[in-house]
Structure formats: C-alpha cells, structure tokens
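Annotation comment: Swiss-Prot describes Unk170 as active site. Residues or ranges marked as compositional bias 'Acidic residues' in Swiss-Prot: 82-95. Sequence annotations record features per position, and here Swiss-Prot assigns region 'Disordered' to 1-23, 78-99. The topological domain 'Cytoplasmic' feature in Swiss-Prot is assigned to 1-44; the stated evidence is sequence analysis. Marked as topological domain 'Extracellular' by Swiss-Prot: 68-304. Look at Swiss-Prot and you will find 45-67 tagged as transmembrane segment, backed by sequence analysis.
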Amino acid sequence: MPRQATSRLVVGEGEGSQGASGPAATMLRSLLLHSLRLCAQTASCLVLFPRFLGTAFMLWLLDFLCIRKHFLGRRRRGQPEPEVELNSEGEEVPPDDPPICVSDDNRLCTLASLKAVWHGQKLDFFKQAHEGGPAPNSEVVLPDGFQSQHILDYAQGNRPLVLNFGSCTUPPFMARMSAFQRLVTKYQRDVDFLIIYIEEAHPSDGWVTTDSPYIIPQHRSLEDRVSAARVLQQGAPGCALVLDTMANSSSSAYGAYFERLYVIQSGTIMYQGGRGPDGYQVSELRTWLERYDEQLHGARPRRV
C-alpha cells in the first residue's frame, strides 16, 4: 500500500509539471515573436534613416529663401511645357500638374514636419501594395452611416478602378482635383473612380502650412473625418468617396500618405503613382488611361 501511494504521488507531480510547461511555452513563443518584430522594425529603421536624414537636410536647406526660390524655380524651368488644352467653350484648361508653390512664410524643417515625413516614409516602406502585385483589400468606411466596406467592393469585373488618396489640407492634392475631375468625366464610361479620404497632411495642430486651402485639425474620431470629407465632396461631385479607418488601414496598406494614385484591375495593381507631393502626378494617370482607352476601343471591330 505505501508503494502504491508513492507511485500515485509521482504521477501527480509529473502531470503538474506538464501543465505548468504549457503557459511557459506560450509565453516563450510570444516573447520570441515580439523580439523578431522588434528586430525587423529596428532593421527597417536603419534602412530608412539615411533617406530620412537626406530629406531632413533638404527641408533645412529650403528654409533659406534664396535656396528655396532657386530650387523651385529651377524645377519649373526643367519641366516640359504642357500642351495647351481647350474645353468645349474654347477656354484654356489648367495643366494637370500645376507647380508646387511654397509661400515664403512657411517653415519646412520643424519637429512637426519631420514627424510627418518619417511617418510617410515608414508607411511607404511597409506598404503591402506594389505594382504588378495583388491589391490589398483594406477596410474603408462610408460617410453616411459609417458602414464598413472594402476597397475591392468598388471594383466591377474587369473595369479598372482608380484610387485617389488625399485630404483637404494637402495643397497639391487640392490643386490637382480639377484635373482629376476632368479624367473622371472623360473616362467614367469604362473606368471606376474612388476617392479615399485619409488623415490630414497639414492639420492645424500639426505640420501647419499657409498654402493649405482649409484649416482642419487632426481627426480624433470618424465624425471629424466625415466633416472634413464633406468639404472635399462638395468640390468633387460625381465621384465615389469613402473614408479611411481611424487605424489608417488603407493608407498603411497602400503607403498613401500624403497623397497617392493607384489603378487596380482584376485584383492586380496596374499602376502605382509616386508618393506625394512630388510623386503625385495626375498627368501620369492620364497617360495610363489614354493607353487603356486605345487598347480597349482599338480592339473592337469597326462597323463598315
């Protein structure tokens, strides 16, 4: 009898040790996963840091007005003269990509601007979207009713879907909205367009610029984002508009901060524009749409 009791005791101790090892193993795996993520983020920061320093140095130089005027003036002179386009009434149409203007009273190298630049470069580095790859089906929100949807819900069959990311406080985005609207009017028969309102580029409580056409603080809630999007919607009629989530899921997936253009077709990214402000070029989108239109209608048989 004593021997049996002893054997039971030993078995009980073994079961207890196995039960204790379960939580310990789970904790160890969790710790290892967090360590790997930390190492990956550290490595990415080391890769991004030289690029960030270069941008910061450029912003510091541009705070000297003589350098700013010379640099911006040289960029304007280096750009080819756009072809003059006339509307139906014979009036000259503004260019697709008007030059970026920075007022003399705006400081470019500040703590707020450096935070915004770092945020944008980090989103671009970690984005899931790449030209030729699958389009992330990230979550978006309808302005009316806050109903949750996804970006690919707006894709219809084989029709291209143009994504235009931006906000009201981004001067290049707003300055080129009229050019974007002309493309919507011209190609909406064969192409779908979607504006995704993201976090403010130059909020009144962040990186402030007097060149921004609106004074809007950072969004603290979806209600704030809806209010800002309503302002944009008044100037962009006829085009579907949705909101990015407060977790900025779409902006993160597409690396869209400050602004960006994409074209999706059959779940694949066919065109990926550069990151704004410099890479945001409506003229590039126009070129892509013109080529698509030629291929689409050129393949159709002609009536004799």
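Start at 1 and count along the chain as shown; that gives each residue its number.
Cβ from N, Cα, C; glycine included.
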Check each residue in the chain of Unk170 (active site) that is at least six apart in sequence and keep those whose C-beta is under 8 Å from its C-beta; list them in sequence order.
Glu200, Ala201, His202, Ser212, Phe258, Glu259, Gly276, Pro277
Sort Unk170 (active site) into helix, strand or coil using the DSSP assignment.
coil
